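What Swiss-Prot records for 1-384, 444-468, 523-529, 646-652 is topological domain 'Cytoplasmic', and it gives similarity to another entry as the kind of evidence. The region 'Disordered' feature in Swiss-Prot is assigned to 1-30. Sequence annotations record features per position, and here Swiss-Prot assigns compositional bias 'Polar residues' to 18-30. Summarising the annotation, Swiss-Prot assigns domain 'ABC transporter' to 39-294 and lists sequence analysis as the type of evidence. Positions annotated as ATP binding site by Swiss-Prot, on the basis of sequence analysis: 87, 88, 89, 90, 91, 92, 93, 94. Residues or ranges marked as transmembrane segment by Swiss-Prot: 385-405, 423-443, 469-490, 502-522, 530-550, 625-645. Taken from Swiss-Prot, the feature domain 'ABC transmembrane type-2' covers 389-646. Annotation comment: Swiss-Prot describes 406-422, 491-501, 551-624 as topological domain 'Extracellular', evidence class similarity to another entry. Swiss-Prot lists 585, 592 with the feature N-linked glycosylation site, giving sequence analysis as the kind of evidence.
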């Protein structure tokens with residue numbers, strides 16, 4: 001086959017070419033002084049058990065079949081080299097990276113071995129050795145690029161000097177050509193920020209802060225235009241030249257990138273069809289009778305050649321046989337034998353360097369918590385809409401109540417009791433819901449960030465949860481005081497300053513409980529909309545059972561009465577009822593005494609309503625406060641446990 005103009009290796013790599021198939025770990029380093037490293041993957045297979053039918057079909061759901069996602073995959077790569085893993089969707093590219101990085105969940109069966117410098121790593125060592133960049137870039141949108149990297153450095157590295165972090169961040173900003181956007185916001189779809197390519201480089205920069213020697217990137221060019229994708233790949237090639245191992249999965253690379261990669265691997269249905277240098281690829285497929293046509297993109301040509309066409313049964317059988325032929329030819333080729341020889345050789349060399357773990361000198365638990373708290377606070381404080389809604393959403397609800405009730409009366413004929421009961425019912429029912437709205441809107445992004453950063457070993461998920469809780473407390477207190485100050489005095493509730501304080505404290509608790517209950521559920525349920533529905537259902541149910549406003553508690557069935565003791569609404573309602581009705585005197589028209597002929601005027605004092613609705617609540621006032629506020633630390637501790645379990649399940 002005639003050599004194509006864009007396939008010339010000299011124009012792409014020149015003297016930096018480092019593609020030898022034989023191991024060169026004992027020949028020196030890429031940079032002349034640093035030790036060379038190697039990564040070997042030997043006969044890695046992964047299978048999972050899938051249920052035959054859907055969950056509602058009990059018979060077929062009980063039946064399982066084993067699905068082989070990876071089948072005896074073997075790779076070898078050294079420092080200074082970049083490997084590109086090609087394959088169509090579902091070919092096993094991401095699963096292979098997960099297997100190499102130790103991130104595969106234990107719900108499947110993993111076989112085979114992964115060696116770094118000839119040493120087989122334990123599962124708990126992969127996180128400290130391999131840097132893994134996922135497809136999606138997850139950032140806090142209101143932070144600048146410099147702040148994002150600085151907080152990451154502060155979470156990963158211990159130092160008593162601020163200059164240390166500044167120098168570390170400046171170094172990676174320069175290395176990845178991000179200095180010109182260092183002080184720009186990351187941004188999101190709501191407001192502009194840096195470009196997609198720059199976001200990808202920020203993700204890479206965050207990984208470089210710990211100086212990893214093995215970097216893996218899953219689809220780093222997804223969603224980028226051709227020119228930006230080309231720049232990202234060239235950047236990764238340059239990073240590999242600095243004594244790093246770089247492995248990337250790419251779905252559809254440009255032809256100009258063909259000779260920039262030192263190794264190219266092709267996966268089809270979990271089987272390795274080829275793995276070698278670009279020159280070896282051209283020769284291998286040429287010998288198999290499939291030369292790349294002139295002026296064709298070799299990536300596209302070989303991807304089509306090694307894919308199974310499922311448009312028709314005949315084409316599927318034909319293309320699958322071709323793939324099986326190519327896979328068999330590769331396993332019998334000298335290229336495959338050299339891979340296995342290199343892996344075996346590195347396992348027995350005595351002069352190999354130590355395993356290249358990332359820089360690991362993390363700060364203490366409380367230092368990390370402080371960094372997370374500062375980061376969360378700075379990010380959310382810059383979002384004006386978030387700050388305003390946090391402070392005034394309760395007030396907006398209160399204004400509707402004011403416009404509706406105007407001012408409560410002491411005249412029984414004008415609904416003195418009914419208006420107060422309706423008001424308290426709305427207050428206890430709505431405040432948890434506003435707390436839930438805060439958590440549903442703000443925490444999912446923090447959860448996504450913590451899911452990614454905790455897998456990188458920066459901190460544990462419960463620490464992010466606790467940072468959010470500490471951040472939310474002052475906002476909730478201020479918002480409740482603003483709401484109470486306007487509503488309490490405007491609506492004409494019991495005119496006493498101490499009662500106003502009790503009123504505010506009683507409404508702060510359900511607001512926090514609603515928000516923290518939502519956090520607990522967000523640790524168990526991924527979809528925020530489902531969490532929204534669950535919290536709303538629990539809030540309404542608790543209000544019906546525990547308040548005593550809809551049905552007298554003494555007349556409830558015993559199971560519901562017992563269940564009411566586990567609802568925070570019971571204690572909150574009793575506090576508010578005592579706080580408002582104790583010492584209150586009613587009138588009936590112009591009379592201060594009861595009118596026997598008028599059932600609406602049967603009460604003259606608020607204590608009568610207390611004993612009818614919440615018997616004994618007056619003597620339990622302090623106890624109710626203690627029980628009500630005990631829900632808050634209970635939910636926080638439960639949330640920490642849930643996120644600890646979430647951490648474990650994601651890493652399984």
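Glycine too: its Cβ is placed from the backbone N, Cα and C atoms.
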Per DSSP, three-state class assigned to residue 93 (ATP binding site): helix
Per-residue pLDDT averaged over the topological domain 'Cytoplasmic' (523-529), given as an integer: 92
Among 88, 89, 91, 94, 585 [recorded positions], residue with fewest other Cβ within 10 Å: 89
Cβ neighbours of residue 92 (ATP binding site) where a neighbour is any other Cβ within 10 Å: 24
Outside the transmembrane segment (530-550), six or more residues from its ends: residues with CB under 8 Å to it: 421, 424-425, 428-429, 432-433, 436, 440, 514, 517-518, 521-522, 556, 560, 563-565, 567-571, 573-574, 613-614
Contact set, same chain, for the transmembrane segment (502-522): CB under 8 Å, 6 or more residues outside the stretch: 394, 427-428, 431-436, 438-440, 443-444, 447, 465, 468-469, 472-473, 476-477, 479-481, 483-484, 488, 493, 528, 531, 534-535, 538-539, 568-569, 572, 575-576, 579-580, 625, 628-629, 631-632, 635-636, 638-639, 642
Binding-site residues compared (90, 93) - highest count of Cβ atoms within 10 Å: 93
The topological domain 'Extracellular' (406-422): DSSP-derived helix, strand, coil residue counts: 10 helix, 1 strand, 6 coil
Folded-back contacts onto the transmembrane segment (625-645), same chain, C-beta under 8 angstroms, at least six residues removed: 450, 460-462, 464-466, 469, 505-506, 509, 512-513, 516-517, 519-520, 523-524, 568, 571-572, 575
Integer Cα-Cα distance in angstrom, residue 91 (ATP binding site) to residue 585 (N-linked glycosylation site): 77
Composition by DSSP (helix, strand, coil) of residues within the topological domain 'Extracellular' (491-501): 6 helix, 0 strand, 5 coil
Nearest-integer angstrom distance between the alpha carbons (Cα) of residue 87 (ATP binding site) and residue 585 (N-linked glycosylation site): 80
